[in-house]
Amino acid sequence: MSEELLNIKNLKTYFHTENGIVPSVDDVSITINKGETLAIVGESGSGKSVTSLSIMRLIDSPGKIEEGEILFNGKDIVPVPMKEMRALRGNDIAMIFQEPLTSLNPVFTIGNQMSESIKLHQKKNKKEAKKLSIEMLQKVGIPRADKVFDSFPHSLSGGMRQRVMIAMALSCNPQLLIADEPTTALDVTIQAQILKLMKNLVTELNTSILLITHDLGVVAEMADRVVVMYAGQVVEETDVFTLFQDPKHPYTKGLMDSTPKIHELKDELSSIPGAVPSPLDYPKGCRFIDRCPFAMKKCAEEHPNLEEILPKHSVRCWLHEEKVVDLHDTKSFA
Amino acid sequence: MNNYFVRRILQIIPVLLIISFIVFSLVFVAGDPVALMLPDDASQEDVELLRESLGLNEPFLVQYGTYVANFVQGDFGESYRYGQDAMSVVLERLPATLELAIAALLIALVISIPLGIWSATKQNSGIDLIATGAAVLGKAMPNFWLGIMLILLFSVSLSMFPVSGRGTLAHLVLPSITLGTGIAAEMTRLIRSSMIETLNQDYVRTAKSKGLKNRIVVYKHAFRNSLIPVITITALQTSTLVGGTLITETVFSWPGMGQLLIQAVNTRDMAIVQASVFVIALLVILMNLIADLLYRLLDPRIKYN
């Protein structure tokens, strides 16, 4: 279980825009073990998608990985030449995206797009690639897979398209699957099916998952461990049970509080006031300070570090500097 | 889909009727051809006689009616100048014009596709800047001026190509460059912007994430999708192309339809004007039909019902 597959060390991905430097990913360190599902949670603009694209080295200009290492099976893939990187992409590290309609090329058949990577990475001929593609389509529960093989993306439903994306991503048996909001664009009923499918398949194939989401329901369903990101940084990291039971960062607590719970009667949904600060102008101290009900003098002056305050539970917050504080029954977000 | 094309072909008929009416009206308004047909010392009686025999004394609508009745039977009248059936005079000149137009279009495609893709993939680089600058220049240069400059440089100074006329491949070089430059410029800019848009699409990111080579990502996944607006403009460009041939053919004395049409307008040779405009209109309509067919081939989402 504890064998390390991916180890991101102090990753910094910055975008050099006309208005200044945007530190989308700012000193992020994450590890994923073999067979494990790690979820990255955060609002839009927290840097979770940029982190995943950095792993694939798919950051386009004006973005750039400035610093840090991305160790995949112990080897740093940041400096490797593109040719070597392409051999990893789609083969050892595969990715599925949020919007299955726009993520599939509208002018090529499903079969064409699926066979492409199989032929490339597994050195199979056209016929073998077709056979494997159809097998994969059947595996993800697509009826009449041989027919779907010859159809175009627009003739499939959203759920079907995402199944195709999953089949495509898993066709070369990757060690790591990066799923960037895989169910966000789908109906709730289809979401559950897709999550279940992903879970079954990765267990079967022993694939690790990096799950990018803002949906805590999906996290609870899928993840072993959770990383909470805010304003380009990791603010809390722990296992999924601890995170839900005992969140230690005020931001995580805010996220939990703003998720409606079925057994609670509430007149109003709570939310975290304010918005993520502009990345061009992060506060000197804690980046969450403007929205935090626990903000202290120190928070404005010094930037907190990510500290392991309890075994396997790290938090970036001054609140726990001297002693670990229980956030339950404390001030909540009105 | 067959129904669609039958319908599209049937739609050509009213379009041609409208065009014929406009052309007929314009020629009618332009004045009396008789004065140009007869020698200066012709008597008023001769003029009247000729007008009578050509049916030019009839009211406008009657003249138009006669014209349409003949036109439906494939009779475009007789050229005053050539003393022959107007349509056969025009059709005789058609191959020369098609040759020039196709050569120009080929030149435009060969230049604009690689240049457009190149500057899109290397957006805001030096190459992109030069390509964009060249495209603006190419678009800004008028055909007749470019033609004259090319003649001055390559025919007069360097004696590399013939000054004018048609015959060998060498004769085709300068006129087709003259005609192709403006189209190449327009298409380069179009392909560039269309490619920039498709290169930012999610499916291009998916293609990259599969580990495909850059060449395949650009030429297979992005280019095919960026072709649809390009085809629309190429089809629309055919009308520019025809307009361009009028000027280019005149500059290079290229014996095509354009030159014939200009001469016919100058001599008020109504039958030739009408027959040429008819053929040009038909060519433009056909090109648009071909463009529609190509859309269907390129994009499976487009269905014709």
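Just so it is clear, glycine is given a Cβ too, placed from its N, Cα and C backbone atoms.
All TrEMBL annotations are machine predictions without curation.
Quantities reported herein were computed from a predicted structural model and do not represent experimental measurements.
Among the features that TrEMBL reports, transmembrane segment is placed at B:12-31, B:100-121, B:142-161, B:167-185, B:227-252, B:272-295. Residues or ranges marked as domain 'ABC transmembrane type-1' in TrEMBL: B:94-291.
Segment contact holds for the transmembrane segment (B:142-161) and the transmembrane segment (B:167-185), given three or more CB pairs below 8 angstroms at sequence separation of 6 or more.
The recorded stretches the transmembrane segment (B:272-295) and the transmembrane segment (B:12-31) share 3+ CB pairs below 8 A when only pairs 6 or more apart in sequence are counted, and are therefore in contact. With a threshold of 8 Å between CB atoms, the same-chain residues lying at least 6 positions outside the transmembrane segment (B:227-252) that come near it are 96-97, 100-101, 104-105, 143-144, 147-148, 151, 163-165, 174-175, 178-179, 182-183, 186-187, 190-191, 194, 258-259, 261-262, 280, 283-284, 287-288, 290-291, 294-295, 298-299.
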